[in-house]
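Peer 1: Taken from Swiss-Prot, the feature GTP binding site covers 471-478, 517-521, 571-574, and the record attributes it to sequence analysis. Annotation source Swiss-Prot lists compositional bias 'Basic and acidic residues' at 117-141, 173-216, 235-269, 338-354. For 145-155, 219-234, 270-283, the entry in Swiss-Prot reads compositional bias 'Low complexity'. Per Swiss-Prot, domain 'tr-type G' is recorded for 462-631. Residues or ranges marked as region 'Disordered' in Swiss-Prot: 99-365. The region 'G1' feature in Swiss-Prot is assigned to 471-478; the stated evidence is similarity to another entry. The region 'G2' annotation in Swiss-Prot covers 496-500, and the record cites similarity to another entry as its basis. As annotated by Swiss-Prot, region 'G3' applies to 517-520. Per Swiss-Prot, the feature region 'G4' maps to 571-574.
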Amino acid sequence: MSNTTVEQFAAELKRPVEDLLKQLKEAGVSKNSGSDSLTLDDKQLLNAYLTKKNGSNGGTISIRRTKTEVSTVDGVKVETRKRGRTVNIPSAEELAAQVKAAQTQAAPVRPEQTAEDAAKARAEAAARAEARAKAEAEAAKLKAAKAGNKAKPAAQKPTEAKAETAPVAAETKPAEESKAEKAQADKMPSKKPAEPKEKAAKPKHERNGKGKDAKKPAKPAAPAVPQPVVSAEEQAQRDEEARRAAALRAHQEALLKEKQERQARREAMKQQAEQQAKAAQEAKTGRQRPAKPAEKPQAAAPALENKPVNPAKAKKENRRNRDDEGQGRNAKGKGGKGGRDRNNARNGDDERVRGGKKGKKLKLEPNQHAFQAPTEPVVHEVLVPETITVADLAHKMAVKGVEVVKALMKMGMMVTINQSIDQDTALIVVEELGHIGKPAAADDPEAFLDEGAEAVEAEALPRPPVVTVMGHVDHGKTSLLDYIRRTKVVQGEAGGITQHIGAYHVETPRGVITFLDTPGHEAFTAMRARGAKATDIVILVVAADDGVMPQTIEAIAHAKAAGVPMVVAVNKIDKEAANPERIRQELTAHEVVPDEWGGDVQFIDVSAKKGLNIDALLEAVLLEAEVLELTAPVDAPAKGIIVEARLDKGRGAVATLLVQSGTLKKGDMLLAGTAFGKIRAMVDENGKSITEASPSIPVEILGLSDVPNAGEDAMVLADEKKAREIALFRQGKYRDVRLAKQQAAKLENMFNNMGENQAQSLSVIIKADVQGSYEALAGSLKKLSTDEVKVNVLHSGVGGITESDVNLAIASGAFIIGFNVRADASSRKLAENENVEIRYYNIIYDAIDDVKAAMSGMLSPEEKEQVTGTVEIRQVISVSKVGNIAGCMVTDGVVKRDSHVRLIRNNVVIHTGELASLKRYKDDVKEVRMGFECGLMLKGYNEIMEGDQLECFDIVEVARTL
């Protein structure tokens, strides 16, 4: 409620300003003139003062009252019920005492009061006294609460009398007067427009419990009747409710006015469109129809704008207007199509009246617009996958793609509408545009795999253990397996080192054991990690004469990370330098404690060359397998892991698969990473064709669509369509991730190279026989990169060298490395014609050494200083227009004319520069050797003194190596 001035408040109370100022001063409110501002607190102080002066609170009875308003707007009755409120009513005995006091007591008459006001006050006092007398007479017969209900209406303010809904039991005169006042008050809202100031101030004073006496306090002709008043807390609560009600009414009136204006504009546009359509129709038919029904809401709108209608009235009024609109449309016989029809169907209404060409109608609900404009922004919940294109993101948010591009440009990203962005960026864009973003793997067909895995249940049976042999290079891993398999695999490996994962199964008297042989060279870290992932037990081979080496420590870390138990085979114990105890001590330092020392790791001393203790090693492995109780379902679709994969020129993609559960059969549909296909052939490690493979058996399979990545999980699916769908989804997912990484790498490289000299790059194309080999070679070559020379592996793949590889090398200036592969005739011819270098290797060391040498040749040479001699200055000669000339003696080495020199004084370098001239007996010479005198001048420097020394040196370039 806003502040008012004293003059305005006096006008509302119909009192002179001087009287009001006097009463305010008596109440403790200091106001000097009628223009002073009067706050709510000031009014409450005045109210408390008048209450204290005119009467005191008595015993009260609390009853619940409900206010109901019934008004008529254009012939429609609207009833509004307001929230119930507790009112305190004095008891019958106290009311009787107050009436007696009113009859015997009269207040002094103030001279400044007019005669008309005095007459009014006397009439009102007499009416109140008569009402209280009747209440006193009936107090003995009726209950206290009913007596209070009858006596209160005459004493309450007019607005409270208007709001009463409970009828009075007895037909007394005060009750008739209250009914008359109520009927008169019901007519007032339709006669008077909304007056904010009056409405804001009036409820406050009427609720103070003084009625008309609140407007004319302490009239001289009126008797000073004690009035029942409310407490200060209740008064503050009522004032707060009045403020809230006034604010709510003002807000509702503003909303209603805005809605009516909007409706009027809409009706005007609709009427204009209908008139245009009617004119076009009349031009065809020659008939004219009036458009009066559409004008009715527009004419009624201005009259409604100034009425303070409550929400219930507004709702019924709008419903009636919409009914009129619907009748107007139906009267014209048109308008059953278009947006209104769609809108109606959207809201679930299907009340269409269909007839002939002119009889099509659409029945709209009374509270339904033909057109619904959005009133507030719609917030969508957007599920964002790992990668998403800008167009798809815009579609999910129901916005134009340009808006998303703008938001990304504000974030500093220049993108196109078809470009993919990562999940984090997309979530930021979604929040920036006012929607709710949630990360999700949308439309992921891989969920089918989890559902299928849960559905298949089979009996788990014991299976053979999978044992991986790990250790440092040249410690005898493959030789140990050779003795176990009674073969000569080592002789087939180039350089005598293992460069592939070999998978074999061996039948022993106590059962079958599957062995995986991993490389020991440092370049094959990924292979060793894959071997540990697929294994049950690790045999750690350590040479007794060599000790624990870096790859031994790495193998221990892989085994611990995979949670796999270890059996240590101390090899080469037949050598003279063998020291098995030292091996145990070194391994104990890496938390591999022998069981005889209180640990949990079995140590077996073996000799792969002579076959010592091999049976004991197998016994230890089978003992570990019994402890693990290894089982797997047999009668179920097969699952496994791709150990190695390669591209064979005649057979296509060939993958080595280790079956982990189920039975793999020829003709099964296999899914491995992004590759899928029906198994056309299965071959064991000896090259024999087989038709099925049980758990823990390694096989080579043919028939996949592409070379799968080593380490991928493989599984058999019953549906080829589902396998193709999942493989294609993975291909797209990997491609999006790869493109995003490439773009990030390009930006990172661009910023790293900004402001620096571009480093030289050595481009390489690698082709290998198996994936693990090119993986290891590419990783080793990238580690050779320095700040000055970087190795850029443009392409690496499995298979022979093709013409496309040569063409890529031509375009990029790269050379090709063939690891255990060769180029065909056409590729060799093209490479010779275009001077593309192809190098073939079968040992990884040789390839790394050659690339390192090539990188060393690309390094810029290093400059070094080489001291050639020293000179002592013994005399300084000053020559005008020439400068200072030093007479010197060469004390060591030789002084050359083009040498660089340093001037040293007291063992401190003063100047570094070059010689301007070198003479001996007035002759220019190229050099002066030790023991001879000479004269010389320094270029651009004359601050020389006797006793200084000159150090002569040359700058030479020295080739660098990595």
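Even glycines carry a Cβ here, placed using N, Cα and C.
Note that this is a predicted model, so its numbers are computed, not measured.
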Peer 1: Applying a 10 Å Cβ distance cut-off over all chains shown, what neighbour count does Gly471 (GTP binding site) have?
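Peer 2: Looking across every protein chain shown, the total is 28.
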Peer 1: For the region 'G1' (471-478), would you mind checking the mean pLDDT of the predicted model?
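Peer 2: Reported value for the region 'G1' (471-478) is a mean pLDDT of 76.
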Peer 1: Which one of these binding-site residues, Asp474, Lys477, Ile573, has the sparsest Cβ neighbourhood, judged by other Cβ atoms within 10 angstroms?
Peer 2: Asp474
Peer 1: Write out how many residues of the compositional bias 'Basic and acidic residues' (235-269) are helix, how many strand and how many coil, based on DSSP.
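Peer 2: For that range the per-state counts are 35 helix, 0 strand, 0 coil.
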Peer 1: Secondary structure at Gly471 (GTP binding site) (DSSP, helix/strand/coil)?
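Peer 2: Looking at the DSSP assignment, Gly471 (GTP binding site) belongs to a strand.
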